[in-house]
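According to TrEMBL, the protein carries these features:
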type: COMPBIAS; residues: 368-385; note: compositional bias 'Basic and acidic residues'
type: COMPBIAS; residues: 431-444; note: compositional bias 'Basic and acidic residues'
type: REGION; residues: 368-392; note: region 'Disordered'
type: REGION; residues: 431-451; note: region 'Disordered'
type: TRANSMEM; residues: 22-47; note: transmembrane segment
type: TRANSMEM; residues: 59-80; note: transmembrane segment
type: TRANSMEM; residues: 100-117; note: transmembrane segment
type: TRANSMEM; residues: 185-206; note: transmembrane segment
type: TRANSMEM; residues: 502-520; note: transmembrane segment
type: TRANSMEM; residues: 532-553; note: transmembrane segment
type: TRANSMEM; residues: 559-580; note: transmembrane segment
type: TRANSMEM; residues: 587-612; note: transmembrane segment
């Protein structure tokens, strides 16, 4: 498997180099995530300090608890997973090291997250200095893709820290008398903005995770053993379209059994050119003899009469030839037209051998004329033999028809593969077992069943996943989710300022609706034990939609329904508080226009992404042997 398998190899349909893949897929996103994380953590700490300084201890403790909440939940998740503990049962040195490491990450989670970001940046830069296919490049990519519990912390931070922190600070900003302390307002605005960016980054990264997972992607916080087992299982049970087509046997023409016999008899009499040139014994009697053929031999009208080979020779040349023949030396005459190269002695021997062969043949036993003129007459040479030839077996005729048939099938298959852009799956899947069984049978039985040897297309079980988005698709999708979250959070926070009771009613109803949709989607293909996680997943669906931990069967209906419901809720909240709420500040008019514009921009980005930039489907064949 390629080290960059699963990484987008093109941008906007144009192929890119491997270094561009590393930069756009690993280096740039990691640098952006690290900068957002540093600013968000620093802003939240400053907001906590400002709340304590201003005497708002309740807001200060609540903000501080939101900062620690993702780290605590990540620690509990890791410790409660049996696969992450050392293999040996009991309290030993490795168990102590495991607990000490995770407690240190819990207490110093910002340093652990920065170490993870810096490690990925270092190996991303290191991969740029190695050539494609080298060991250094493969090792660097493997280090980048190493799993870590910090990835789970980064995922939980978006929904356990950024989302509630955003709503809390927006609510505090929209209350009366908020704008008295401008230092507090500044850090609150920074915290809100970078919370938007954090949530949009995580949502873009895990948007269609389950569809990408079934074709090779793994959880970034899995153990190394789980990752290796997952990839080995995927390689063992599935195969790509390219490998399946490469392993599919093509329809090749069968070998005519008559042809090897004819060529074997020919080589046994006249020798093999390859064997004579290499010096190996050919099994023939005597040295190899060359029969000289001129272009005139292929002209039937000119080759009927006798042709004197010395017609264009002078008397002196004829005398030289006669001396050469007597001396048993080869002669190579020079002519002005077509060049002829032959050995006269070999030609005489060929004629004598052919004469002897014709005299000894049963079909022309009554032919007794010894004159060379009669021998060279084409009319007598093409005469019908006195004795009829033995009957030709029917097997030869059917065998040659079978060869011709397979040649036509082979040419048709090659033409279809070259001209047709998208072939049906498994169209040229020909089984090898049928051909092996046919080869073991004798010739008579094979001829009788020759008409059933055509392999028809058969079905193959496939799984369809999704490739990862390229940098252009991720950018448009990221902007779309930023606008969507901005519309959603401003609508919820502003509505809570004016109607807190109706806000909680709307929140609970939306939460219960998401639980019902999840239960309906996974009622047949998921375990009941995972329903506790679906409670947290429904909380995530209050703000955004992710294909995470469950795979959507009806993906289009999920996205259309969810976006439609959220837009309906936002419009209803906007209409209610804008018409029934009591406010005098220009700030609420600005929020009113911001909600409308962000909603329109988010829909535009989603439609543009779905129409032009969405990732392609990836098809894998399920191996029948597994």
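Placement of Cβ uses the backbone N, Cα and C atoms for every residue, glycine included.
Just so you know, TrEMBL annotations never went through curation; they're auto-generated.
Ranking 22-47, 100-117, 185-206, 502-520, 532-553 by CB pairs under 8 A with the transmembrane segment (59-80) puts 100-117 at the top. Same-chain residues lying 6+ beyond the ends of the transmembrane segment (185-206) with a Cβ under 8 Å from its Cβ atoms: 32-33, 36-37, 39-40, 43-44, 46-47, 50, 154-155, 157-159, 161-163, 165-166, 169-170, 172-173, 178-179, 474, 477-478, 481-482, 485-486, 489, 543-544, 546-548.
Outside the transmembrane segment (502-520) by six or more residues, the chain places 492, 495-496, 531, 534-535, 537-539, 541-542, 550, 558, 565, 569, 573, 576 with a CB less than 8 A from a CB of the stretch. For the transmembrane segment (22-47), same-chain residues at least 6 beyond its ends with a Cβ under 8 Å from one of its own Cβ atoms are 4, 7-8, 11, 16, 63, 66-67, 110, 113-114, 117-118, 120-121, 124-125, 127-128, 141, 144, 154, 157, 161-162, 165, 169, 184, 187-188, 190-191, 194-195, 197-198, 201, 468, 470-471, 474.
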